[in-house]
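J.: Okay, handing you the structure first.
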Amino acid sequence: MAAVQTRSERALNRVAIAAVLVITLLFLAPIYWITSTAFKPRNLATTIPPTVIFEPEISPFVKLFTKRSQLRTAPEPEDYAAAPWWERLVFDGGEKVVRSGRGEVQLSGYPNRFMNSLIVAITSTVLAVGMGTFTAYGFSRFKMKGEADLLFFILSTRMLPPVVVAIPMFLMYRAVGLNDTHWGLIILYTAFNLSFSVWLMKGFIDEIPKEYEEAALVDGYTRLEAFFKIVLPEAATGIAATAVFCFITAWNEYAFALIMTNRRAQTAPPFIPSQVGSGLPDWTVIAAGTFLFLLPVAIFTFLLRNHLLRGMSFGAIRK
Amino acid sequence: MATVVMTSLDSKSRAASRGLSDIKIRNLFIIPTILFLIVFNIFPLIYSLGYSFTDFRASTNAPATFVGLQNYRELLNDPFIWANFAITAKYVIVSVTGQVVVGFGTAMLLNREIPYKGLITTLLLLPMMLSMAVVGLFWKLLYDPSFGIINYALGLGSFEWLANPDMALYAVAITDIWMWSPFVMLLSLAGLSAVPRHLYEAAAIDRAGPFYTFFRITLPLVAPILMIAIIFRTMEAFKTFDLAYILTSQPTTEVISIRLYKMAFQEWQTGRSCALAYIVLIMVLAITNIYVKYLNRVKER
């Protein structure tokens, strides 16, 4: 009886393992597909049956970063194949890079949007985590009246649909000239991430024993010294985890960026989709832009895997 | 013991006399954040409350005239707005149900001795860390009727996913399910691993069948955490904008956020859109309240 049970148990386990593998592969397939498309020559991006084996190219990335114009006469396929690789990059499938008067290759809009994303995401992360850490310490260590209400108020600011807040913010920004500026987005993303940063950091600081600071106070430190020299170093991993979370949120944000920016301060999320247009889009270039944009998030996800669950659930689950 | 407490109290007051007092530090640490959030979250809402009673259009220089409750009255009597809410509700139900089924199912499978469980869980985190707008964009490529890999893999020929008004909302929901099932899975997995082993052993001794064990032991104990996942995802799905907006422009996928965006920034009916924003806001606050109630209940456990 027992042996039969274990045998069926084992068979069941094998089915479960197979099912998990299939599910994982299905979930990763879209990401694999966009990544592989980013390295394909243009003519292989939209073939049926889909091309799985191909020689990877970097030309989609070169096209992504440079301005190109269509040539009136496309080069003959033989000439094209015989050309050295650097000429193929400049002169690809009937397209040619645009050069300025001094012969410099002109950059496309992408590098600029990518930089905007970096500037906005990094600055707002520093601000949100900085303010969040101080506030979390205040809530964690000192009692006050209405603490739960204040914490709920802080959390509630994140529950608002972005479009709802965006309408009055747009009007206010227009009145003070913050539309289409880096600071405009930075302030919005800081406000958006601050609530999250306070809640997450409070969880981390709550776990640092109060006795550490009390010992420091006995040794003659002031409260502020104890905070900077004892609590902050102890909270370092929590700060790093919170920072990556805030960065990813700001990095991925779309609605505010779409509404509040149009050229100067536009970030990548509204820019990449706007390049699809209505004609026949070059999917390899769009995939290249997408791939580069996803890369930091993928790296952070891997580095931060152990903190992610807690962050996603606002500390609702205590392991 | 008592002396330790005494010294610590004593030193605290001495430290306080040297540096800033604790109350001053607390205020210094908390007040700027509260002020910042009020200025950038509450003040805009009050500002737009004012506009919601006017016929203001941000695209013209005409001054706002007060129209009282007219915007609200018109919106609440507008069948098209209710259609947008109905689409939103349908979208929420389809996508959250899908996420719970796929996510909880995967968690049940993973809650065994699976090799490389940690690696698999990490890999499954990736979709939900990505930008919804960019995800929408690359699913557009996957859904393409003539060269999309989905039609090829399923042998559907040139089936229209996004151009077909009946299918488009489901296509958006499928993408959302792909993105967020891992979230439900992670929370379920945490819940499942917290179920005490001895309950299953006791059930095995009583020769309880798998159905009995699932419905009487597993489900009731995982339910609170599953509930958090459901409420969280419901709120997020209710706010959906980017995914639906990027993937398709069908009238059948015009969820309330898209309607609001168009009203405010394409038709420039600023006053009216502020009123609609308030109606949406009240609904979100209602859902939020349920969420926080459950969050507290589970935390108290």
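Cβ from N, Cα, C; glycine included.
As the structure is a computational prediction, the values presented were derived from the model and not from experiment.
So TrEMBL lists the following for this protein:
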DOMAIN    A:114-304  domain 'ABC transmembrane type-1'
TRANSMEM  A:12-34  transmembrane segment
TRANSMEM  A:118-139  transmembrane segment
TRANSMEM  A:151-171  transmembrane segment
TRANSMEM  A:183-205  transmembrane segment
TRANSMEM  A:226-251  transmembrane segment
TRANSMEM  A:283-304  transmembrane segment
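Context for these features, please: burial, neighbours, distances.
T.: Long-range contacts of the transmembrane segment (A:12-34) within the same chain: residues 287, 290-291, 294, each at least 6 residues beyond the stretch ends and with a Cβ under 8 Å from a Cβ of the stretch.
Note on the transmembrane segment (A:151-171): residues 135, 139, 179, 188, 191-192, 194-196, 198-199, 202, 253, 255-256, 259-260, 314 of its chain, located 6 or more positions outside it, place their CB under 8 angstroms from a CB of the stretch.
Under 8 Å from some Cβ of the transmembrane segment (A:283-304) lie the Cβ atoms of residues 31, 34-35, 37-42, 45-46, 59-61, 63-64, 110, 114, 117, 241, 244-245, 247-248, 251-252, 268-269, 272, 275-276, all in the same chain and six or more residues away from its ends.
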J.: Could you tell me what the rest of the chain brings near the transmembrane segment (A:226-251), counting residues at least six beyond its ends with Cβ under 8 Å?
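T.: Distant Cβ neighbours of the transmembrane segment (A:226-251) are 117, 120-122, 124-126, 128-129, 132-133, 137, 189, 192-193, 196-197, 200-201, 203-205, 208, 212-213, 216-217, 296-297, 300, 303-304, 307, 310-311.
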J.: Restricting to the same chain and to residues at least six past its boundaries, which positions have a Cβ under 8 Å from a Cβ of the transmembrane segment (A:183-205)?
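T.: Non-local partners: 119-121, 123-125, 127-129, 131-133, 135-137, 139-141, 151, 154-158, 162, 169, 173, 231, 235, 237-239, 241-242, 245-246, 249-250, 253, 256-257, 260-261, 265, 267, 310-311, 314-315.
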